[in-house]
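S.K.: Here Swiss-Prot flags 103, 119, 128, 138, 222, 261, 293, 312, 372, 438, 444 as SUMO2 cross-link, drawing on similarity to another entry. If you look up Swiss-Prot, you'll see 444 marked as SUMO1 cross-link, on the strength of similarity to another entry. Under the heading phosphoserine, Swiss-Prot lists 7, 9, 10, 25, 46, 50, 72, 324, 411 (among others), citing similarity to another entry as support. The phosphotyrosine annotation in Swiss-Prot covers 52 (among others). If you look up Swiss-Prot, you'll see 187, 234 (among others) marked as N6-acetyllysine, on the strength of similarity to another entry. Summarising the annotation, Swiss-Prot assigns region 'Linker 1' to 131-152. What Swiss-Prot lists as region 'Tail' is 407-465.
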C-alpha cells in the first residue's frame, strides 16, 4: 500500500465519505438555533432551523428547513403576548441531548486520541529499539563478518600460495628426475650398444681363435705327415744305401785293371750328402715354417687371449654397470612413483581443501546475503513504521485541529432561549422552502518518501442533499 493510499484511507476513515451518516461521524458537532413565528390568521407555525457543523477544513455545513403546517381551524389567530414555552422546552431538551451526545463523542475522541498517543509512543519505542538493533547489526555484521571473511580469505590465499609453491617445486623435481631418467636411459642404451659391439667383437675373436686352433691342428698334422715322410725317405735311403753297399761288395772282385772305374763310394757319398742336405734343408724349412706358423698362431692366440680377456673384463665391467644402472633406474622409478603418488595425494588434498574453502566462501556469502536480506527487512519495517508514524502524525494534527475547533466553538456564547422573538406571521403567504443539506468534504493527500513529506495536496468538494 502506498503512502498516498494510506493517508487518504486513514483520512476518509476518520472524517467519513459522502455517504456517511451524522451518527457515524465522530468529528462533527451541531449547534441548533430555532426561530418560530406565528400569524393570527391561521395556526401555521413557520420554523426556520440552522445547523452549523464544524469540519476539519474550517467549512460549515448549513441545513435550513421550513415546515409548513396546515390546521383545520383557519379562523383562529393568536395574540402577540401569548407564548407557547413547550417549544422552548423542546429546544432546550434537544440542546441538552446534543450537548450530552457531544460530550460522549468528545470522551470517545479523547479515549481514541489517548489510545493513538499510547500507540504512537509504543511505535516510537519500537522504532528506537529497531534502529538500535539495526545499528548494532550493521556494526557487528560489518566488523565481525568482514574481519572473519578477510582473515579466512588471507589464510586461504596463503595456503593456496604455499600449495602452488609446493606444486611448482614438486614439478621441478619431477622434471629433473625425468631428465635424469632420460639421461640414464640414453647412457644405458649406449652401454647396451657398446656391450653388443663387444660381444660381436668377442664372437669374431672366438671365430679367429677357432680358426687359429684349426690351422694349428692342420699344421700339426702336416708336421706329422712330413716327419713320417722324412722317416720313410730316410728308411728308403738307408735301404738303397744298403743295397748299393751290397752290390758294391759283390762287384768289388770284378775289377778291370785296364779300365779306370769311377769312384762309386764318392758318388754314393755325394748322393747321400746331396739327399741329406736336401732332407736337412726340407726339414729345416719345415721346422722354420712350422715354428713361424706356430709363433704367428701363438702370437695371434696370445693377442686373441688378451683381447678375449680384455673383452671379458669389459663385459664384466659393462655387466656390473648395467646392473648398477638397472638398480639405479629401479630406485629412480620407485622414487618417481612415490613422488607421483605424493603429487596425486597433494592434488587431491588441494582439490578437497579448495572445495572446502569454496563451501566456506559460499556459506559466508549466504550469511552475508541473509544479513543483507534481514537488514532490508528491518529497513522495510522501519519504512512501514515511518509511514504509520506519518499517518498517525497527520491524524494527531487533525485531532488537534478538531480539538482546537471544538474549544473555540465551546467558547462561543450560547443563545438565550428566554428572549425569543415571536411575531405574528401568516404561514400561508410564506413560500415552501425545500430541505437541502450542504456538506463540504476536505480530502488531504500527503506523499512521503524515506520518512520525508515530498508532496501535500488538499481538495474541497461541496455536496448538496
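Placement of Cβ uses the backbone N, Cα and C atoms for every residue, glycine included.
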S.K.: Counting only residues 6+ away in sequence within the same chain, which have a CB under 8 Å from the CB of residue 138 (SUMO2 cross-link)?
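M.R.: Set apart from residue 138 (SUMO2 cross-link) by at least 6 residues yet with Cβ under 8 Å, we have 375.
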S.K.: Rounded to the nearest Å, what's the C-alpha distance separating residue 119 (SUMO2 cross-link) and residue 372 (SUMO2 cross-link)? Just drop the number here, would you?
M.R.: 29
S.K.: Hey, how far is residue 234 (N6-acetyllysine) from residue 128 (SUMO2 cross-link), Cα to Cα, in Å?
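M.R.: Rounded to the nearest whole number, the Cα-Cα distance is 153 Å.
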S.K.: Within 10 angstroms of the C-beta of residue 222 (SUMO2 cross-link), what count of other C-beta atoms is obtained when all protein chains are considered?
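M.R.: Neighbour count, Cβ to Cβ under the 10 Å cut-off: 14.
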S.K.: If you count other CB atoms within 10 A of each CB, which of 187, 293 wins among these recorded positions?
M.R.: 293
S.K.: Rank aside, I only need the closest one: which of the recorded positions 103, 128, 324, 372 has its C-alpha nearest to that of residue 222 (SUMO2 cross-link)?
M.R.: 324
S.K.: Under DSSP, is residue 119 (SUMO2 cross-link) helix, strand or coil?
M.R.: helix
S.K.: Would you mind listing, in sequence order, the residues at least six apart from residue 312 (SUMO2 cross-link) in the same chain with a Cβ closer than 8 Å to its Cβ?
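M.R.: Residues satisfying the criterion: 202.
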S.K.: Out of 128, 187, 293, 324, which of these recorded positions is nearest residue 103 (SUMO2 cross-link) by C-alpha distance?
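M.R.: Given the candidates 128, 187, 293, 324, the nearest one is 128.
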S.K.: Of all the recorded positions given, namely 128, 293, 324, 372, which is spatially nearest to residue 187 (N6-acetyllysine) at the Cα level?
M.R.: 324
S.K.: Are there any residues at least 6 positions away along the chain from residue 128 (SUMO2 cross-link) with a Cβ closer than 8 Å to its Cβ? List them or say none.
M.R.: none
S.K.: Could you state the whole-number distance in Å separating the C-alpha atoms of residue 324 (phosphoserine) and residue 293 (SUMO2 cross-link)?
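M.R.: Residue 293 (SUMO2 cross-link) has its Cα 44 Å from the Cα of residue 324 (phosphoserine).
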